[in-house]
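Report on the following structure.
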Amino acid sequence: MHRVFLVDDDPEICELLSSYLSGNQLQVTAFADAESLLATRLEGADCVILDIGLPGMDGLQACRAIRSTHDLPILILTAAGDDVDRILGLEIGADDYMGKPFNPRELLARIRALLRRSVPKIPVGGFAHISHAREVRFNGAAVALTGSEYTAFVTLWDHKPGVVDRDTLGLALHNRKPGPFDRTVDTTVSRLRAKLTDATGHNCVRTVRGQGYALIMPQ
C-alpha cells in the first residue's frame, strides 16, 4: 500500500482527505506544519500533498527543501486562482497542483497518476530499486531487506557489472574502511546474497577473490 504524507494546517481538510484516501487503498499520515513533516526525513513516503499556505515554513519553502534531497512526487494545494503560487511551486519542483476547493476524486486520480509515473519500469527478470522508498523489487515483487542490506545492494547496483571492493562497501555501510579482521561487510553481503537468492532462484552476488563483490543480473 502506498503511503501519502499530507501537510495542511486545516484539520477538517486533513480529516476529510485521510478518510477518503484511506478508503481508496492509500495509507495517509497527516501533518499540521512543514517542520513536522521534514522532521520525519520523509522515511516511508511515496508521495507528498503539500498546502502552500502553511504557518511557519510555507509550502514553497518546504517543497524546495524536499526536492533538494528527495525525488518523490509532490502535489501542491493552492488557493483558488492563485497563479503565482502555482507557477512558483512547479518551478521549484512540484509535480502537480490543485486549487482549493477541490474534488477529492480528482485529487485521488492525480495522486495515482503521480505514483504510476514515479515507479520505474522493471524489466522482466530484472531488479529495480525505488530510492525514495528505499525498496528493492524483483519482477515487481518487493524484496525485504534491512537498511544495511539495502545500502549494500544499491552500492553494488551502482557499480554493476563491475566489482566493488570491501573498502567501498565499508564506507557506504559504516563510513569507514573495514580492518583486516572486520567481517561486518562480508556478513552483510552474505545476508543480502541469501535474500536475493531466495527471491530470484539465482546467485546474484558473486565473490571475486581478492577484489570484492559484483552484482550479477539473473538471466
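Including glycine, each Cβ sits where the backbone N, Cα and C put it.
Noted in TrEMBL for the protein shown:
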- 3-115: domain 'Response regulatory' (DOMAIN)
- ASP51: 4-aspartylphosphate (MOD_RES)
- 119-217: DNA-binding region (DNA_BIND)
- 119-217: domain 'OmpR/PhoB-type' (DOMAIN)
For ASP51 (4-aspartylphosphate), what is the secondary structure state per DSSP, taken as helix, strand or coil?
strand
Per DSSP, what is the helix/strand/coil residue tally across the domain 'OmpR/PhoB-type' (119-217)?
42 helix, 20 strand, 37 coil
If you average per-residue pLDDT over the domain 'OmpR/PhoB-type' (119-217), what number do you get?
86
Quick one: DSSP breakdown of the domain 'Response regulatory' (3-115) into helix, strand and coil?
50 helix, 27 strand, 36 coil
